[in-house]
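Chemist: Input: one structure, supplied below.
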Amino acid sequence: MRRETAALYAGTVAVYADMYVTQPVLPVISREFGVGPARAGLTVSAVVLAVAAASSFYGPLADALGRRRVMAGATAMLALATLACAFAPSFSVLLVLRAMQGVLVPGVTAVSVAYAGDRFRNADLPAVVGGIIAASVVGGLAGRVISGAITANLGWRAAFVAFAAVTLFAAIALARGLAPATGAPVIGWATATRGMLGHLRDPPLLGAYLVGASLFFGWIGIFTYLPYHLAGPPWHLTTGQISAVYLVYAAGVVASPIAGRLAGRIPPRRLIGIGLVVEALGMIAALAGSLPLAIAGLLVLVLGTFTAQAVAPGFVNVTARTAKGGASALYLTFYYVGGTLGSAVPGLALHAAGWPGVVATCVAGVGVGFLANWLLCGRPPRGRAPV
């Protein structure tokens, strides 16, 4: 079990780090290629959009070809794409390569929970899924922090070379550490695709997908527009000070495994509901006129988000009777579509009503997830009693 979980966590850290390599060095990208901030930001959004678009493809693929083969193969190709970014001769080529990275990332993110569901007992699964979510936080932080440090000393191209090496190591770990067969029946592509689409007609699964979308909508909305709030009156924080505030992300490393263990004792729906309520309360607290209180609110937001996020994917895996890879992939698709909307819709609210408008929009988004959890996740899955 330890070898398998270590491989899953290594793969998760690597792919999430690759996603955010350029985020802390966008000004450097702008200067090198002579593009504005908005265009430089496409090196991040192109990855996120590609992940959202490609996630549903990997569920049926993993159901048809096997989990280990897909995860190890996609990670190996991701290492090559990451290395290629280091040698991009133009901004357009870099953007295409970043999109290619995004297409390959779901080879791990959309399949890892399904693999865990096949290999581990229901009693162990919540803790394993919580560990996967914690690894995603570590990867996201590593991509931002380490990339910035390498770029400051060796340049942004060296950062891509370093992360390509890390990703190659992760691919080897997945190939050697995961079981060749998960115990899940291998099914044809057409059957796997039909099974995946059938999950959309299953009320508790649809509810969980909406929960995922609302979680990332609120998360991305708050943290995307937070710098505008912190840089303005009354605090006027510098870029370095704002970056330090983002260290509240690290609370997710603690919250995720704890929530995973609690899921073995507290019904998943209840824990998801608690997480959503805590997330919304944290958003409201971020309206505080006191900076320490506002940061405390962000910390509460992180704890609530990762409490729910550590449980929801496992709920999906346990609820889906067949095509589990497709079920997990759909969750990730909804999750990133929610994040894509969260990066845009609250911006309109910021223009119209300032930071309170952003918070109100994000709280409303989380409210959709709460209603979905309450009204849909408790309904009986097809042919079974309520979860």
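Using N, Cα and C of the backbone, Cβ positions are placed for all residues, glycine too.
Sequence annotations record features per position, and here TrEMBL assigns domain 'Major facilitator superfamily (MFS) profile' to 4-381. Taken from TrEMBL, the feature transmembrane segment covers 41-58, 70-89, 128-150, 156-175, 206-228, 240-259, 271-288, 294-316, 328-349, 355-376.
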Chemist: Looking at the transmembrane segment (128-150) and the transmembrane segment (156-175), are there 3+ C-beta pairs under 8 A, with each pair at least 6 apart in sequence?
Modeler: yes
Chemist: Before we move on, state whether the transmembrane segment (206-228) and the transmembrane segment (41-58) share at least 3 Cβ pairs under 8 Å, counting only pairs 6 or more apart in sequence.
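Modeler: No, since the transmembrane segment (206-228) and the transmembrane segment (41-58) share fewer than 3 Cβ pairs closer than 8 Å, they do not count as touching.
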Chemist: Please work out which recorded stretch in 41-58, 70-89, 156-175, 294-316, 355-376 has the most C-beta pairs separated by under 8 angstroms from the transmembrane segment (240-259)?
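Modeler: Of the candidates 41-58, 70-89, 156-175, 294-316, 355-376, 294-316 scores highest.
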Chemist: Counting only residues 6 or more past its boundaries, what in the same chain has a CB within less than 8 Å of a CB in the transmembrane segment (271-288)?
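Modeler: Residues packing against the transmembrane segment (271-288) from afar: 211, 214-215, 218-219, 222, 226, 259, 262-263, 294, 296-309, 311-312, 315, 355-356, 359, 362-363, 366-367, 369-370, 373-374, 377.
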Chemist: Mean pLDDT over the domain 'Major facilitator superfamily (MFS) profile' (4-381): what is the value?
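Modeler: Taking every residue in the domain 'Major facilitator superfamily (MFS) profile' (4-381) and averaging pLDDT yields 88.
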